[in-house]
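Have a look at the structure below before the remarks.
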Amino acid sequence: MGLYIGRFSSILGGRRQIIYCYLNNHLHLTRGFSAASACREPIVSEDLCVRVLSLCNSGSFKEGLCVHSPVVKLGLQDHLLLNNLLISLYSKCSRGAVPDRGARHLFDAMRHRDVVSWTANISAHTSVGDHKEALRLFKLMESSGCQPNEFTFASALRSCSSLRDLDWGIRLHARILKCGLEPNPVLRSGLMNLYSKCGEVDAAFEVFATTMHNGGGDTISWTTMISAFVQAGDSAGALRLYTSMIESGVRPNEFTFTKLLTASVSLGSYCAEMVHAHVILWGAKLNLVLKTALVDRYTKLGRMEDALRISRSTRESDVMLLTSLISGYTRILDPKNAVAMFLGMNVWGVTPNAFTYAAVLSACSMIPDLRLGAQIHCRVMKAGLECDVSVGNALIGMYTKCSPYANDSVLSFDEIISPNVVSWTSLIAGLSHHGLDQDAYMAFTGMRAAGIVPNNSFTLSTILKACGSIEESRKIHAYVLKIWNSGDDDDTRIVGNSLVDAYARMQSIDDAWLVIDTLMPRRDAITYTSMVTALNQMGLYESALGVIKRMSDDDSVKMDGFSISSFLSASASLTAMEPGKQLHSHSVKSGLDLHISVSNGLIDLYAKCGGVEDARRVFSMIPQPNVVSWNGLISGLASNGLFKDALSSFEDMRIAGVQPDNITFLLVIYACSHGGLVDLGLHYFDSISKVYGMAPLYDHYVCLVDLLGRGGRLEDAIGQIEGMPFQPDALIYKTLLSSCKVHKNLVLGEHVANHAMELNPYDPAIYVLLAGIYDDAGKSSHSKQTWQMMMERRLRKAPGQSWIEIRNRVYVFTSGDRSNPQIDEIHKKIMSLEEDRHYAEVNPVALMIKSNRTKTLL
């Protein structure tokens, strides 16, 4: 007991003598001793109990609760003042989600209650968030005939504000008016806060106007009204009100500036700097709340140096401040410093909260580092926060980006007690990321069954990306038409673009155009780019170029770099130089010519159209060519027969420090194959794994077989097929079969053809190549049998095609096709050219004279 008395006395400092005497009296009374043996003044009185409890209440010292026992023993349990003081002390010392049971039991046992008793109990429930019980007690208080005072109304208003219960709040406002308490500044601020949280800004402003009329208002009233404008999203209105506040001569405080910093989020960096300047100008105290608000604002602007300088301006720090810094580093894509800041919290003795873990898990997703993410997950479990929705959402995102297993995301989702729309959306995105489109769609179904309405643009666009069939896309489309009522054009455009992309991926072009025409009052470049990309993938290049006119007619849309590159891809596939040049001209005029995707598209266009020098010129203008740029140049040079130049460009790429990818090596081996550089091609193939640490893909082996086959090393080629780590398909055998025909190797050709037919008996090219080998070997009967086998299987050789661009129009010619209206004239001209060629071989001088006469006549 002596230790207990000493601890208690040290807590109360200069007031220890009273407590010491009281506790000694208490000790001896409980043991049956005389109070006179405890201290020089051993009188235990009501006054002493009141004084002790008052002192304990002033500092929320829970040790004062030991007074309750002697109060009962001395028969003072009906003493109203002592009971009120005990209720207040129990309430102040309560922990957890409900008030201390002692306070409620004492209140229920009281025979007589006054306004202080009721107010203390109501306030206790309000302070721990049990707002419904607080309002129930207020109603019981009124039923008992006890008149509430301003403190009772203040607690009840806080509960109404937290519950957003406007009806209750209006009833309280009426009672306040009836009691004549409206002039009270605390109640006016409470009413303004209530109406603002319930979305009734006009009603809040009426209360504020009454305040102004009655006396001009104080700092709290002005700050509360500024907060109301901020909550309503009227940041400009909040700033104007602050200006009026200054003009009225009311001095702002640190809480005023905290609200203004929140308003500055939508008004830009200049507004944030202005508020910060006013903080300094008015000499506002830089307490922890204001410092955290400043740090948070600068981190959201990406100005981490300013945020760090402010955080170090005072020694005060807490979890909210450090969490803001971690989120700031994550926002500027600096995950290493975010993780370092998180690890520093342990050194500084600051315990992370749910928002801290959510922020650092987002940083892990950026690295991405599964091991680190798993370690932080362990910390989350030790803290008991794995069921928190914000932490759970961050865990789903981390495992989606870092883990190769979709089940990790699913398990994190299952830990969340009450998943929200973000949780479901993250799960759907994770399943879709791992290619589990059907599971993602089932998750969407489960989301709706759980009563979660996916009525935001991000969730709907995520679901649409996961659609794996046209039926699923149409179901989502119907759902969007049923529930979508957003007045935000941006959200409507996002959902519309996702629908267009979903239909385009399924090659349902008509449905995609229907969405554009009916659901999207406003389009953007993404809308048309999705369409062009889909048309390119379907091989409908002319239709893709036709989108240019429709896009130009849409006044609200301007081409961007990605749309121009998509149009350039269509032009390159058609080898249509003229529309490509027009697109090039447009990109220069609009300042998009240095956009890397546009430059890469131009390189591809000019190379496919035979304009190698133009392709080189475009490449030379790129400030920092990426791997796609280099691949485009190497491909263009190789496809135009400049194999040595292509390989020289590859060496330049290595010198420039650009890491080659799998496509680069396909192009390099292709160049060696067609350039007859077999040994160099083998060297490049070996370097894929030995120098660059990449595993050769199946396509690399196909190119390797083509390289060896063209070089006449057919046995080495078949050895590569048998020794590669992939199961061979008909393509690789067909590639080798083509080389067997070139080198007239009948025995190997038959062997390879048999393997190719076993794998794909319906590829006509295999039969055509084998028949050609037989013809070259003089085995016409075997050739006829091969053609007969092909006909029995109803296979037809794909007709050859050629095209030419004349006056900005592409003309396509197919072997055996006579649908062109000028086909007879074309054939006559071809025959005339053939005659001229034959005549030139017989008598070139006569042909030259004939040509000169024609020119003279012209």
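One-based numbering along the chain as shown.
Any Cβ shown, glycine's included, is placed from N, Cα and C.
What TrEMBL lists as repeat 'PPR' is 114-148 (among others).
Non-local neighbours of the repeat 'PPR' (149-183) in the same chain are 115, 118-119, 122-123, 125-126, 129, 131-132, 134-135, 138, 141, 190-191, 193-195, 197-198, 200, 210, 214; each lies 6+ residues outside the stretch with a CB under 8 Å from one of its CB atoms. Residues or ranges marked as repeat 'PPR' in TrEMBL: 149-183 (among others).
Mean model confidence of the repeat 'PPR' (218-252) amounts to 89 (pLDDT, 0 to 100 scale). Residues or ranges marked as repeat 'PPR' by TrEMBL: 218-252 (among others).
Taken from TrEMBL, the feature repeat 'PPR' applies to 420-454 (among others).
A Cβ distance under 8 Å defines the sequence-distant neighbours of the repeat 'PPR' (524-558), meaning residues of its chain 6+ beyond its ends; these are 493, 496-497, 500-501, 504-505, 507, 509, 512-513, 516, 566-567, 569-571, 573-574, 576, 579, 590, 810. The repeat 'PPR' annotation in TrEMBL covers 524-558 (among others).
Annotation source TrEMBL lists repeat 'PPR' at 626-660 (among others). Tertiary proximity for the repeat 'PPR' (626-660) is limited to same-chain residues at least six positions away from its ends with a CB under 8 Å from its CB atoms, namely 596, 599-600, 603-604, 606-608, 610, 612, 615-616, 619, 667-668, 670-672, 674-675, 677, 680, 692.
Residues of the same chain lying 6 or more positions beyond the ends of the repeat 'PPR' (218-252) and with a Cβ under 8 Å from any Cβ of it are 185-186, 188-189, 192-193, 195-197, 199, 201, 204-205, 208, 211, 259-260, 262-267, 271, 278, 282, 284. Counting residue by residue with DSSP, the repeat 'PPR' (218-252) contains 26 helix, 0 strand, 9 coil.
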